[in-house]
């Protein structure tokens, strides 16, 4: 018993099989039926071959599409190129129709999608700025703002960034921050200082080495303060002037004190006269030398 292969395919189509004629042709090609059993174009097909085809059709073999195709139902449709999307899917009688992506959308590779992807927004609130603008074939590429570093990288893109660490006074910048790494700070050692912006700690100025005298010692965040040295003559003059000033002040104070005291005594003498009282000589006692002064009150 023999069958015509074209008749088989036609019958499958008329019966509205879930598999297309293209799939049956693929079986023919895949299984390489012997020429003497199946000859294309109205030639005879053996019952065994017919049975194999029917079994393959109804056991549900998966449709395998080419890498440049996408599957839609039981059809393998050509993909739309990058920068475009599918408008209508292909059928047995026509190919896929495509539309270009609109502004603000993109598709970066051949696709079977019916919608383009939205372009990424580089949010300044997340510490980002645009590195490469979006096109219909590529997404926006974001990078950290100046003074920021990326904390969530995805490929060449950055999703979120954080501000670089600031070194405090007494620390120096051991490693400067980059777009991918944070700043590294280190403490200054004894005898050195940094205000937090130096890339290395600086030694304190040695005042004696520059013929100056130390005014204020240096700290981890500030340098030593130096001043001009004073000569011995200047020091001596200053000391003499100070001593002379003290002497004059003391002398003036003493003079003022004694003059004040003298004026008080003179005033007291004028307001309270003293009368010498002479004792009686009638009794033969006493002498003129034994006169006793008596103070007479003005009252």
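Cβ from N, Cα, C; glycine included.
Remember, it's a predicted structure, so these values are computed and weren't measured experimentally.
Feature annotation from TrEMBL assigns disulfide bond to 77-90 (among others). In sequence order, 69, 70, 71, 86, 89, 90, 95, 96, 112 are the residues of the chain that are 6 or more apart from residue 77 (disulfide bond) and have a CB within less than 8 Å of its CB.
Long-range Cβ neighbours of residue 80 (disulfide bond) (same chain, at least 6 residues apart, Cβ-Cβ under 8 Å): 86, 96, 98, 107, 110, 111, 112, 113. Feature annotation from TrEMBL assigns disulfide bond to 80-98 (among others).
Sequence annotations record features per position, and here TrEMBL assigns disulfide bond to 101-116 (among others). Taken residue by residue with DSSP, residue 101 (disulfide bond) is part of neither helix nor strand, so it is coil. Within 10 Å of the C-beta atom of residue 101 (disulfide bond) sit 22 other C-beta atoms, taking all shown protein chains into account.
Annotated domain 'TNFR-Cys' per TrEMBL: 64-98 (among others), in sequence order.
Using a Cβ-Cβ cut-off under 8 Å and counting only residues 6 or more beyond its ends in the same chain, the domain 'TNFR-Cys' (100-142) has close neighbours at 68, 70, 72, 77, 79-87, 89, 148, 156-163. Annotation source TrEMBL lists domain 'TNFR-Cys' at 100-142 (among others).
Mean pLDDT for the repeat 'TNFR-Cys' (64-98) in the predicted structure: 94. TrEMBL lists 64-98 (among others) with the feature repeat 'TNFR-Cys'.
According to TrEMBL, the repeat 'TNFR-Cys' annotation covers 100-142 (among others).
Summarising the annotation, TrEMBL assigns transmembrane segment to 235-258.
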